[in-house]
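Written below as structure tokens is the structure these notes are about.
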């Protein structure tokens, strides 16, 4: 594993290790996959404005999220069904997160139970949720998470319906029975045609979910609530108005609406609307420590890593996940040093130049 030097190499190992159905499920995006590619490429169009002759002999990457200290502004995004990638599933991912002193957001669609993840290691973790048509199911899971010591709820708000993921349709992707829901609802679908995941989502997810439901969620939990899946100023303002505790700028890993903007291109729009009132996080397309720096320079408090974590898990289990996080942290530390930023607070908007700024400078 010492010879693996970047996320792309982990992706190639994951492709070799996984059955095609599972690799395509993790890796694929919606329809033409334009946004999937753009999430990554948009980062590459942002250039640095490094400062020199700054004392960077000691680099401090540490920060906090909702008051919980983390070793770097790199957290684990919620991704579904980790046991499809590795037999130990979310438990392996959780242990790696704990070893790296960061926060894992456990997926509502996890293959290990909330209690199994909670008892696997001592760490701060959040729970991502969907709201089902059967609200009692969502409520039970939230209450179990609270009891198990989870520290926040992350409500995904961009899935009134599942996006059209053509690889899953072609592969007849199965939806396995998830242990969290045993005795509550059947999640298993083995389709003769189409995607089983889409079939399950259509039957279970509540398409009537609206801003007023933040109140309902507040009524069933005392935990902080973040909303994940915002891409516009308008929705950011509504989120603040609804009293949420944080926002994740996300296009669901480009798995929902193709031709949605790359998240890094709309981050500033959301940050300017929020005006520092609540934390803004970002996911989508982060593949390098340089990407982490760019997101922070444009106003994010932290980034969430999705697919790279699954690639590490599929390739090398817990050690693979840890290696992915450590690589990104190392790249980020180098970027801070070479940009003249000894601490997170030193990373500013002046340290990057966006594509729009480059074009304007040529006019």
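Cβ atoms are placed via backbone N, Cα and C, with glycine included.
Features reported for this protein in Swiss-Prot:
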type	residues	note
DOMAIN	1-357	domain 'FMN hydroxy acid dehydrogenase'
BINDING	78-80, 107, 128-130, 156, 228, 250, 283-287, 306-307	FMN binding site
BINDING	130, 165, 255	2-oxocarboxylate binding site
ACT_SITE	252	active site, proton acceptor
DSSP-derived class (H/G/I helix, E/B strand, else coil) of residue 107 (FMN binding site):
coil
Kindly assign residue 252 (active site, proton acceptor) to one of the three DSSP-derived states: helix, strand or coil.
helix
Sorry to bug you, but what's the C-alpha spacing from residue 306 (FMN binding site) to residue 255 (2-oxocarboxylate binding site), rounded to the closest Å?
12
Round to the nearest Å and give the CA-to-CA distance linking residue 130 (FMN binding site) with residue 252 (active site, proton acceptor).
13
Whole-number Å value for how far residue 306 (FMN binding site) lies from residue 252 (active site, proton acceptor) (Cα to Cα):
10
When you measure from the Cβ of residue 107 (FMN binding site), which residues in the chain that are at least 6 apart have a Cβ under 8 Å away?
78, 79, 80, 81, 82, 90, 128
Rounded inter-Cα distance in Å - residue 306 (FMN binding site), residue 165 (2-oxocarboxylate binding site):
17
Under 8 Å between C-beta atoms and at least six apart in sequence, can you list the same-chain neighbours of residue 285 (FMN binding site), or say none if there are none?
38, 39, 40, 41, 42, 43, 262, 263, 264, 291
Between residue 250 (FMN binding site) and residue 165 (2-oxocarboxylate binding site), the C-alpha gap once rounded to whole angstrom:
17
Rounded mean pLDDT for the residues that make up the domain 'FMN hydroxy acid dehydrogenase' (1-357):
97
Would you mind listing, in sequence order, the residues at least six apart from residue 165 (2-oxocarboxylate binding site) in the same chain with a Cβ closer than 8 Å to its Cβ?
25, 28, 29, 30, 173, 195, 197, 198, 255
For the residue listed as 'active site, proton acceptor', just count the other CB atoms lying within 10 A of its CB, please.
23
